[in-house]
Amino acid sequence: MIKNREIEVAPPRRTIQFGGYTFVEPDLNFKAPIFSCCGSIRDPSCEEREEEYIDNGHDEEPPVEVNRIQESTSFDEPVSSPPRYRPSENPGPSSSSYEPGHYSFNEYQQFPSRPQKRLVDPPIVDLDEEPPIVDLDDSFDNFHVGSTSEEVVSGDIAPEEEEEEGHDSFDDFESVPAQPPSKNTLASLQKSDSEIALNQQRHDMHGRFRGFLQDDSEEFSDEVGLLGADMNKELYDTLKSKFGFNQFRHRQKQCILSTLMGHDTFVLMPTGAGKSLCYQLPAVILPGVTVVVSPLRSLIEDQKMKMKELGIGCEALTADLGAPAQEKIYAELGSGNPSIKLLYVTPEKISASGRLNSVFFDLHRRGLLARFVIDEAHCVSQWGHDFRPDYTKLSSLREKYANPPVPIIALTATATPKIVTDARDHLKMQNSKLFISSFVRDNLKYDLIPKAARSLINVVEKMKQLYPGKSGIVYCLSRKECETVQMMLTKAGLSAEVYHAGLNDNLRVSVQRSWIANKFDVICATIAFGMGIDKPDVRFVIHYSLPKSIEGYYQETGRAGRDGMPSYCLMLYSYHDSIRLRRMIEEGNTTTGVRSMHLNNVLQVVAYCENVSVCRRKMLVEHFGEVYDEQSCRNSKTPCDICERQRKNAEAIRLFDVSTDALSILKCLPRMQKATLKYISELYRGALIKKSQEQAMRLGHTKLPFYSKGQGMSEQDALRFVRKLVIEGYIHERLYSVPNQAAAVFAYAELTEAGRDLANGKKTAKVYLHIVTCERKRKNAGLIELSNMNIVSEAQALKERHMVKHGDVFTRCLQDLTHLITAVAESSGLSGPYSIVSREGIEQIAALLPRTNSDLLRIDSMTQIKVTKYGRLIMELLATYWKQVDEREEEEMRNQLDKLKSGEIVMGGFATLQSDPGFPSVPYMKPLGGGGGCRGRGKKRAFSGFSSGRATKKPRATAPSARGKTSGRGGAKPATSLKRNMYPATSM
């Protein structure tokens, strides 16, 4: 037992670099803490303190207290936990009897006694066979899919190695070593160039934000000078006495100083970084009432309870509050010196309640309206993943309370530069001070595996081993899916409950509080759950379905590991989930601009999932404008699955130039009406399924120029290639529905305007595809075919793209860079600039404008020695061009915002499907969104559309639903028997 009641972390000591090693200057006054055996009896003086802490990689102010001793810091070691109530009949091992051991993702075999075929690609219906039927109601909550086929097919994402039977891909993900390797081995003394580049003194932009967002923290670094000694002392005294903290963390101090000085303040911090303190502490110190606008009643209730526990006057005016309670709050607000320091309200309450606005006017007149706080400020922007119309009405707060102006604080954890700009414009706080914390969550491991029949069960078994008795979240797309997953988890031996909008308010609150109190393990929820939840020990977050946006995914995964301990974030990826999301978007009544934005968000998530080469942490972080060196992830204890594979084998992935084949497909696509992506990929490989072979030959599709060009690709590679054309914007999958069949949806490939321009020669472009070339089961013939394709370097591929996008910047930068390197060569007595960097290398630098050491190291002829020697000079020169590019992209971003507001952006739309010779005429087929069908209880008839030209089949009868007629689109009743998945897009 540690005798010290409070242990303070010593400031970091000075380090000395020598060669490839780092030495720490010893502390001559070091005193070892006193330890003694306590006979397993807990000393009451060593009570744990609940304090959230997140390691965000670049924080300037580490916490000054060690609040608790954690059980594990590695994915290899199971985390022990206190006993908890477990309603499940098959509870996991308790912490009392559990002996920590070493668990590796490679060592643990799932279900060793039951070998099974692994579904890399979940079987779904393809229009080459028969159209799918999907049943859903207005809210999409009663969606259900029929039994899956037993056919084993390949997925889209090529894993590092194909798994053998009985071995799930999840077992191949390596966990963090429990003990570091011996430092006496030669291997431990050798470092790669990229590792050295990461650890050397940095002159790049790693950990900094691009020019879109300018952090104002430096302006508020001197608290004594800004506040005065007395006010500053009161600030820290209140921090300790009311909130129990000794120091601020992240950007809290600067945000609070800005608020205390009366500035409008915009706070952009990740989940769990302590945003709430930025307005709660000023509310306690300064007189008056702080009005907090929050989107969820559950979130409001949680905050109110916390404040009252801390002895801070706090009330909430919500729709479910009784009249007597409301009268009491209004009376207190009207008193001469209200005891209420924080008043929580919803945006709907502000827009609907005249009495509340009258109270605000009265407080403002008396000088007691301290500030407005807009929590979850991303809800203001239509670009935000959780846009709420009532939030846009909050702009009136600036107009109504302008003399004197009432300060506004806006806070969010998930806002891209575009959302920040839009939100500031909406709230009329363009001149607000901006404070940004790093988006890097070093303790989270990001992972992705194909969504297959037993994927979730295998993952759950692994979580039970790694985190026995610990909490987790499984996010689902619909209410029905939540209930299905909850039953699966219960059967697997985990205690689980559901949380979605279909539950009444009391039940939702009860479920949430029970989960926070550790009365059950896993909560199966829609995205309605989690906002503002203060539970630091969530050990895993699993996305059973595709999230709606990158911002939403980051926010939802951010609910894991808020205590700073290693935690696991996994996505089960199926491409057809994107079609489900698109249907929900395209059925909605939105402007073309908003619809375009939401569709683009889904496409960004698909690109994240289809990616096999770029660090997932880098993709997430840079989505928010922060520059990140992926080598940091690769060297961490929690590398993402991409970096883990790269760490094992840096040559596992090769980049191929597939431009010629892509152009051939685009030219042929207009001749192939009703073609699905899967059918196109089969033609490209020359590997049509048996049922469609005859029709393809009859229609002449086997004579198309691109037929059988991709023989060297696996099925998943070919699918990724075709989907790449969708992601790049050359192909668009248009969704169609059938009158009288509200459940049926079809996705057919069509050329976009950019695709037509490329096919017609009006523009030129390159298309590249990353392929995993080290798979155990890849046939030799396939490797030979791949070897005949053009392999290019990452820098070469990016060079051509950037040269086109910023041609004038490239020209000027190339000239300046050549002059710089020539001068360096002359001063070093070298023959010329190309003795330092090759001509190709100089062009690549000018085109790519690398912002990190690792990016610079990828340049042709660049080595670690050169990065160390010349990196600072190169980065200093590039800084000017970084700024120019950022300014252009910021202007483009503002233009997009303007178009969004006017609805000028049009993506998709609903065109009439033209019949193709050789295909049966279907006069009653309508595009999705073109109107409903007949209402009533008549029998439904499934449309037998297809992509390969087979004859139509007889209509398939569906059993009547026990639920009766729905109130959904077209009044169609959901089918109860489905033998295939729902959409004609192949899933993972």
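Each residue, glycine too, has its Cβ placed from N, Cα and C.
The record from Swiss-Prot ties C615, C640, C643 to Zn(2+), and of the options C633, C668 it ties C633 to that site too. ATP binds F248, R249, H250, R251, Q252, G272, A273, G274, K275, S276 as Swiss-Prot records it, and from the list R559, R562, R580, R582 the residue named for this site is R562.
In the three-state DSSP classification, C633 (Zn(2+) binding site) falls within a helix. Cβ neighbour count within 10 Å across all protein chains ranks T676 highest among the recorded sites T526, T676. The Cβ of A501 (site '3' overhang DNA-binding') has 12 other Cβ atoms within 10 Å, all protein chains considered. Spacing of T676 (site '3' overhang DNA-binding') relative to C615 (Zn(2+) binding site) is 30 Å (Cα to Cα, whole number). Taking the mean position of the Cβ atoms of C615, C633, C640, C643 as the Zn(2+) site, the remaining residues of that chain whose Cβ falls within 8 Å of it are Y446, R616, R617, K618, E630, R634, S636, P639, D641, I642, E644, Q646. Comparing CA positions across the binding-site residues C615, C633, C640, C643, the one lying closest to T526 (site '3' overhang DNA-binding') turns out to be C640. Along the repeat '1' (121-129), the predicted structure has mean pLDDT 34. Non-local neighbourhood of R297 (site '3' overhang DNA-binding'): T318, A319, D320, T346, D505, each in the same chain, at least six residues away, with C-beta under 8 Å from its C-beta.
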